[in-house]
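Presented below is the structure to which this report refers.
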Amino acid sequence: MNHSNQMHHDNHESHNHHSGHAHHHGNFKVKFFVSLIFAIPIILLSPLMGINLPFQFTFPGSEWVVLILSTILFFYGGKPFLSGGKDEIATKKPGMMTLVALGISVAYIYSLYAFYMNNFSSATGHTMDFFWELATLILIMLLGHWIEMNAVGNAGDALKKMAELLPNSAIKVMDNGQREEVKISDIMTDDIVEVKAGESIPTDGIIVQGQTSIDESLVTGESKKVQKNQNDNVIGGSINGSGTIQVKVTAVGEDGYLSQVMGLVNQAQNDKSSAELLSDKVAGYLFYFAVIVGVISFIVWMLIQNDVDFALERLVTVLVIACPHALGLAIPLVTARSTSIGAHNGLIIKNRESVEIAQHIDYVMMDKTGTLTEGNFSVNHYESFKNDLSNDTILSLFASLESQSNHPLAISIVDFAKSKNVSFTNPQDVNNIPGVGLEGLIDNKTYKITNVSYLDKHKLNYDDDLFTKLAQQGNSISYLIEDQQVIGMIAQGDQIKESSKQMVADLLSRNITPVMLTGDNNEVAHAVAKELGISDVHAQLMPEDKESIIKDYQSNGNKVMMVGDGINDAPSLIRADIGIAIGAGTDVAVDSGDIILVKSNPSDIVHFLTLSNNTMRKMVQNLWWGAGYNIVAVPLAAGALAFVGLILSPAVGAILMSLSTVIVAINAFTLKLK
């Protein structure tokens, strides 16, 4: 739990680094209320913007009270901005904090000068001070930043919730059978923990006793409860719905699923996309723009009116109204929100550039088995082509060779042989034949399991009519070869996933062409494609063929997304403009791919595209607001419309500046997946 909270803390700091004041977060609320106590007397005892009100709360020496309280307020309430500005200058990245620090410093220093002139100088006339403006300015800035920091924190709320899923303690089953409550940090791999109904599962693990239904909605976004039996994996942070289970711990701390996800999200939030680099650059220039406009406005108004009070007010207002912060946070806040929402729903964004590229995708290429289909095969037909070998003997030979493989087709054959009580042996020297099958020794005889492409390539005879009949029914067909003779075959069917058809329809509605890439035979590939509505099919592919096909499509200027197994399809995922590893489960860190889909649900492909579209829309809105606000507000503050009576005071400027950032934060917070 400590680790997860630390991960969240680090993540939170990372998406606030643009502000230059993340470390003042906890102080803004306290500083605001303490500063309010000092500010109220200043506001009551000072003339409002140089205007003597009908009611005056003054007394002999009250100007000294104002001076002392203003000095305390300047150094106490203004400290976050003064130290923030100092930090920005030290890193040679002056921004919003520097502008605010300049604004309040100019107001304070000039007010000291005015105090001296009014109380110790023999000069006639009254010099207006800015103590009232200084007090309201600091108050508004503190309040604005307090509200803003809350809004910024909420942007990553989904990730914060994930960090809080793990319990602080767990019930450990000791070697003697006794139960003992221990801290999560004391749990080790291979320990046995007991989890009762309704409790949060403390770590990733395997159920060794009991069965239950698990609520993974807060961990992977899976809305339905998942039935779990003995030997099934469970994820730390998910909720045990019913029944007491005992879980053997498989991963703790940094190796746990939640920690991996938060680590990946944290990394993604720290990596800057091209759009963010651009906005950072513009925000950097905005500081110099504001300072130049402020100085020019001061000079111009001095030339026009020869009124130092009014000219200085323009300068201070320009400095406090300019907000590079709104521009600097425009993208990071949306990123924090989108990556958090994605992780909460089992869509882990490892490469943020992919969110921008997703807007321009022309083709989505998908592996058939496991992506479009369940990958849970059933044996529909098996047959011997050799008179002295029975059908069950052929099944036994298939199962013997396949017992060394973890491919879905292999697992299906082994399970089927067991269900038929057909015995099989451990083969020797088993080797994988890439894109074909495998070979090995059984009773000193060499056998090969191949696909139909291998038979055609080596001109081996087989029953073409039987193949066509079974393949058109959607079966994947494997052949058994001994001494370059086909001695048997097995046909296995796979179910199309419920959400595949809708996913294909959604892609087509977005003018994105779905493409099937498969090592399976043409007949099966086209049968599945026809049912799904996919017209672009590439079958009987070797692993390296997928990568070259992607390359061909890209050579025509197309943007290609590849969806496949994060390990077996790694070269293709890397070659594509966006690589999506589907069905990663808890192994989110080991997969290739820009995007990791924890579940094997094809609809998550569309969910990612939707999230990308929504994210980019929010980014554009925030950038327009951040840039547009400054383009309009800075000239107004300089007095561009003073000739029609529109003049902004420093206090109003401070309100607008604070609001500009809060609006950006709130807009980011309204980002949704759907």
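Cβ from N, Cα, C; glycine included.
Summarising the annotation, Swiss-Prot assigns region 'Disordered' to 1-22.
Residues or ranges marked as compositional bias 'Basic and acidic residues' by Swiss-Prot: 7-16.
Marked as active site, 4-aspartylphosphate intermediate by Swiss-Prot on the basis of similarity to another entry: Asp367. Under the three-state DSSP scheme, Asp367 (active site, 4-aspartylphosphate intermediate) falls in the strand class.
Swiss-Prot lists Asp565, Asp569 with the feature Mg(2+) binding site. According to DSSP, Asp565 (Mg(2+) binding site) sits in a coil region rather than a helix or strand. Asp565 (Mg(2+) binding site) is surrounded by 21 other CB atoms, counting those within 10 A of its CB over all protein chains shown.
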Pairwise Cα distance for Asp569 (Mg(2+) binding site)/Asp367 (active site, 4-aspartylphosphate intermediate) [Å, integer]: 9
Position of peak Cβ density within 10 Å, selected from the recorded positions Asp367, Asp569: Asp569
Integer Å distance between the CA atoms belonging to Asp367 (active site, 4-aspartylphosphate intermediate) and Asp565 (Mg(2+) binding site): 8
